[in-house]
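Engineer: One structure, as structure tokens, below. Some questions next.
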Amino acid sequence: MDFSSTVASQLYTGAILPESIVILTLIVVLVGDLIVGRARSGWIPYAAIAGLLGSVFALYLGWDNPHPVAFLGAFNSDNLSILFRGIIVLSTAFTIMMSVRYVERSGTALSEFICILLTATLGGMFLSGANELVMIFVSLEMLSISSYLLTGYMKRDPRSNEAALKYLLIGAASSAIFLYGVSLLYGLSGGKTILSEIALGFTDPQGGQSLALAIALVFAIAGIAFKISAVPFHQWTPDVYEGSPTPVVAFLSVGSKAAGFALAIRLLVTVFNPVSEEWHFIFTALAILSMVLGNVVALAQTSMKRMLAYSSIAQAGFVMIGLVAGTDAGYSSVIFYLLVYLFMNLGAFTCVILFSLRTGTDQIAEYAGLYQKDPLLTLGLSVCLLSLGGIPPLAGFFGKIYLFWAGWQAGLYGLVLLGLITSVISIYYYIRVIKMMVVKEPQEMSDSVRNYPAVTWTAVGMKPLQVGLVLSVIITSLAGILSNPLFVIADQSVTSTPMLQVANHPTEQVVAQVDSELVGVAIADH
């Protein structure tokens with residue numbers, strides 16, 4: 001076996017074909033913009049979306065890959081990571097659709113915005129499949145630093161600068177906390193960095209090792225909770241969401257959150273299985289706090305972006321029910337809910353962007369009477385908000401049903417009942433917006449709606465917004481009806497991922513996982 005084939009067998013670069021396509025797209029956008037100039041850069045968003053769709057197709061081709069482990073065990077392209085990476089890529093594609101008009105109108109460069117967004121996408125994709133401590137941290141920082149830049153991209157807007165500074169300071173602290181937890185794992189394992197190898201040394205922790213592992217768990221969860229906006233690590237979310245460019249907020253609410261949950265599942269199930277009772281308890285507390293605080297505080301909000309920020313916190317609490325369940329049904333429901341949450345949440349943000357572009361405000365009171373001036377926008381926002389509230393037969397209803405049923409089967413009766421109660425609370429503030437939009441009396445119409453410009457889709461960048469809105473509404477409506485096939489796909493990704501069976505057969509499963517993840521090395525040796 002020659003040198004090139006040895007390297008190829010050890011690295012198995014085919015596992016990162018989707019990421020390679022995104023990297024190529026990033027280079028094309030960057031170099032193309034330098035060559036043709038900003039004045040003729042109208043093709044850039046469409047090239048970026050085409051590249052992202054190509055990445056989705058590459059993910060489809062990688063489904064049921066018999067050799068998912070690459071880079072000497074550092075990256076795992078199993079079906080679980082494929083679905084999470086797909087959610088992140090699709091969220092980026094929709095974000096670009098809603099960004100074209102928004103960024104152009106702000107007077108900033110669209111190509112640079114898309115390049116930073118694609119870099120954040122790469123960080124999220126690598127984080128979803130990262131199986132090694134260094135790669136986890138590098139991917140996390142790649143996603144985080146790009147997110148800081150995106151948050152402060154509107155340099156002329158003081159609110160954007162303030163949001164970026166807050167996000168940077170709190171994010172840097174959370175990264176340091178997470179890194180300390182990771183360093184404890186490195187030391188406890190005797191210098192191991194592959195997750196499954198670390199887990200092999202913790203199959204029966206004793207005394208001080210068990211205590212140190214619990215301490216590492218607390219620090220690791222603190223870093224993860226920041227990424228998914230779980231209470232009490234949520235303080236940055238409302239301010240950052242309100243001050244950041246709305247397309248960036250949309251990406252953070254879905255893409256960044258999906259990457260955080262992917263990391264949580266892989267890290268907790270693989271490494272922290274010996275202290276599973278502890279991390280289940282912690283995430284139960286986080287879920288309770290997130291559902292209660294997120295939904296209750298959202299009732300008092302006057303800004304749509306702040307309301308959706310607290311809604312995002314509450315939605316993370318609902319998703320954590322599936323994580324705490326710790327069963328195949330629980331993990332499947334997490335994936336399914338994030339998949340439908342992608343469309344209903346980004347659809348809602350698309351409507352917020354359209355309204356703000358036409359009126360210059362995002363205050364909830366200014367939506368009064370919108371139905372009389374823009375029925376399509378009213379319909380789209382209503383469908384997405386009702387789905388977020390869990391109203392049947394929309395996608396959000398079935399997503400919550402799967403989460404609550406998985407929690408009920410796992411014996412989490414109190415957590416499920418609290419989820420049901422807080423879901424009812426959430427319906428109130430969603431319905432409040434819808435009721436305001438459909439008022440019929442002219443005197444109840446807000447000043448912004450009374451002076452609402454004529455609805456037109458001919459301006460530059462409006463067509464992608466229209467396409468994104470229509471797609472979001474259609475998928476949100478149909479995903480509820482077609483929930484069973486989608487849930488079957490989510491379930492297949494879970495049942496075909498060996499690491500998720502570690503809890504049932506710790507020693508045997510971990511050993512088997514180590515063997516499978518080092519297959520590249522074994523092939524190279526032969």
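Each Cβ is built from the backbone N, Cα and C atoms, and glycine gets one as well.
Copied straight from Swiss-Prot:
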type	residues	note
TRANSMEM	16-36	transmembrane segment
TRANSMEM	80-100	transmembrane segment
TRANSMEM	133-153	transmembrane segment
TRANSMEM	168-188	transmembrane segment
TRANSMEM	211-231	transmembrane segment
TRANSMEM	245-265	transmembrane segment
TRANSMEM	279-299	transmembrane segment
TRANSMEM	307-327	transmembrane segment
TRANSMEM	335-355	transmembrane segment
TRANSMEM	379-399	transmembrane segment
TRANSMEM	401-421	transmembrane segment
TRANSMEM	469-489	transmembrane segment
Engineer: Within the same chain, where does the transmembrane segment (80-100) have neighbours whose Cβ lies under 8 angstroms from its own Cβ atoms, ignoring anything closer than 6 residues to its ends? I mean 6 or more beyond.
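Structural biologist: Distant contacts of the transmembrane segment (80-100): 18, 22, 45, 48-49, 52-53, 55-56, 59, 62-63, 68, 110, 113-114, 117-118, 120-121, 124-125, 128-129, 245-248, 250-251, 254-255, 258-259, 261-262, 265-266, 331, 335, 338-339, 342-343, 346, 349-350, 353, 460-461, 464-465, 467-468, 471-472, 489-490, 493-494, 497, 500.
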Engineer: Would you say the transmembrane segment (211-231) and the transmembrane segment (335-355) are in contact under the rule of three or more C-beta pairs closer than 8 Å, pairs 6 or more apart in sequence?
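Structural biologist: They are not in contact.
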Engineer: So which of 16-36, 168-188, 211-231, 279-299, 469-489 is most in touch with the transmembrane segment (401-421), counting Cβ pairs under 8 Å?
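Structural biologist: Comparing 16-36, 168-188, 211-231, 279-299, 469-489 against the transmembrane segment (401-421), the winner is 279-299.
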Engineer: At a C-beta cut-off of under 8 Å, are there same-chain residues at least 6 beyond the transmembrane segment (307-327) that contact it? List them, or none.
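Structural biologist: Distal contacts: 228-231, 234, 237-238, 240-242, 249, 253, 257, 261, 264-265, 268, 276, 280, 283-284, 286-295, 297-298, 301, 333-334, 337-338, 341, 345, 348-349, 352, 364, 388, 400, 402-404, 406-407, 409-410, 412, 415-416, 419, 422-423, 426, 429, 433, 503.
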Engineer: For the transmembrane segment (279-299), what are the same-chain contacts with Cβ under 8 Å, counting residues 6+ beyond its ends?
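Structural biologist: Same-chain contacts beyond the flanks: 217-218, 221, 225, 229-232, 234, 268, 272, 307, 310-318, 320-321, 323-324, 326, 412, 415, 418-419, 422-423, 425-426, 428-429.
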Engineer: Would you mind listing the long-range same-chain contacts of the transmembrane segment (211-231), meaning Cβ under 8 Å and 6+ residues beyond its ends?
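Structural biologist: For the transmembrane segment (211-231), the nonlocal Cβ contacts are 140, 170-171, 174-175, 177-182, 184-185, 188, 202, 205, 237, 256-257, 259-261, 263-264, 267, 272, 274-275, 278-279, 282-283, 286-287, 289-290, 293-294, 312-313, 316-317, 319-320.
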